[in-house]
Amino acid sequence: MAAAADLVVPTLAIRSSVAVELWSSAGSKQPFEHKPHLPREETKSSRSICFSSNGRYFAYSNGQEVKVLQASRDSAASWPVICVLPRPKAFYLQFSPRGSYLCTWEHYAITKDRPEGSPNLLVYEVATGVEVFAIVQKNQADWQPSWSADESIFALVVGGEALFYDLGEGAEKGFATTSRKIGGSRGGMLSLGPGNCPPFLAFYTPGAKGAPSMCKLYKYPALGQNQTVACKSFFQADRVEMLWNKRGSGLLLLTSTEVDKSGASYYGNQAVHFMATKGDTCSVPLSKEGPVHCVKWSPKATEFVVVYGFMPSKAALYNLKCDVVFDFGEGPRNCAYFNPFGNLIALAGFGNLPGAVEVWDVSKREKLANLKCADTTVFEWHPNGEWFVTATTAPRLRISNGFKVYHYSGALLHETMWPQGQELLGIEWQQFADKTFSEPKITKAKHEGIKSSQPEASKKAYTPPHLRLLKEGKNPEKYLPQPSIPGLAPTAAAGGVNGNKRNNKNKQRSARKDVNVVNGGDADSAPTEVVDQAAPVARQSPVFVAAEERKPQHTPRQKYQPDNAADQPPNSYGQGHPNGQHISDKERKIRSVAKKLSDIKKLKVRRSQGENLELNQLNKIKMEAQYLDELKALKQSA
């Protein structure tokens, strides 16, 4: 494996806010960088880059045109331009399976010259750059046409109807006229299976007027009403994603609804169904409630993985009978990625998850590595099956853009952070034809790597600011800013008698209220006046002295003079504690019982006025004698 990897130079295609360029490395221990002989074009308007599946061609848009380059395996060879296509607004690019054709898609637009609109899906022959097909395709989500593996069949869905074009040897019509059609209802979807020639194909029809949604399998060219190979119907499906295995013998359907009528999920609900070209169909059993995050086929075409359920989600490996053959357990993950040989799988949690990545040996069912790839928006295995790249790209994240290359053991092989003010928009590996690399032998040996230049996030638990000083044994109030007024003493600004008259009045009312409750609610037993202890300090200021000289002297109102003022001890409640602070447990109990007696007194008044009381209120009145005895006992013990 190592020898094969050294013979082929790994190349990364990079699209940024300033250029489209290719980077390469001389080996696993050498850094990735742009070589002088590799293409680099400065452009701020590139929207798409694309390799053909066999790695022969590389295409990109630059805002003026689309260029197609011929790729080279030689580390010293250049990449010549094969053709230039006049598509300045190209938004998506896609090669046919063998790289003979390039499809371009751009946003549909209407102009004064062409009010009916211009074709926005075009197909070009790569060798000559000649346009061979053009059509209006308004659907952006499912714009990609379908191809058979040998490129003999070209198909696409327009307005819910699937159109087929025969391009094989001896075909007379080619792209000029459709050879077959199927469907016709709105929202239809088509997918041609790989591997077989002629291929199997799946056509999905959404449900309408109470009829269920339906997916049918056909063997091309037998597309008649009674020529279906398999059929699967389901009611809960507003949308479906069709996933073929590499051999084209099995199809997975990920169905989803936009709204969950049960209210269990904000994002609707999902289900996974399996269809085989032999005619078998079944639903994939899921043992945990919640959404289906990811479904992926193994390149071996005999197994598939499903990541599902509320967080922490579950991940399980299934066989072609839809039986669970291995359970990866639960964890913070929502993505799964098989390497090109299917002997390694990476389970990851990206998006709103912290970026934990687990690498598993699929054949031995054991975990090989745990690593953290925070803020990852792109994950892709290298064709050699041993490396993978992770990247943080815009517009998903516009800060800390860059990419890293890892070995499956978790070792970091390369790291490049994008310069400040620039954005990394896209990155992908050069593809290679089958059997270019041999399947790697998986070992537990740790690979030598480099240390990341990015600081690691703190693993300590978050502590709120108001608790940080308490953990250090300090009083937080000591560090709070104190209010101050120029020319006044600090204590006066903090709330002396004359510093804030409203606060002083509130304190007096609070103190009188507390004493009223203790004395049974008699207002005449309240203290004469509550004196703020900060007042003498505040009056030391010249400003307050002058204010006191001008202030008229008023005697306290007689209604607040207590009848037993001379008999009250100096430290009685209300005088010793003007703000109602530091009261004893016994005083607190007296307050509570007095409050209950006050409520009973009000209830009795309401009853005497003819008001009908509730049963619990009548029971409360019956407790009056018990509360009076309790209050008497508390006062005697005091």
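Just so you know, glycine gets a Cβ as well, placed from its N, Cα and C.
Swiss-Prot gives the label phosphothreonine to one of T463, T555, namely T463. If you look at the repeat 'WD 1' (287-329), the same-chain residues 6 or more away from its ends with a CB under 8 A from one of its CBs are 241, 243-247, 249-250, 252, 254, 256, 264-265, 267, 269-272, 274, 276, 335-342, 345, 347, 353, 358, 360, 362, 365. Helix, strand and coil residue tallies for the compositional bias 'Basic and acidic residues' (583-593), in that order: 9 helix, 0 strand, 2 coil [DSSP].
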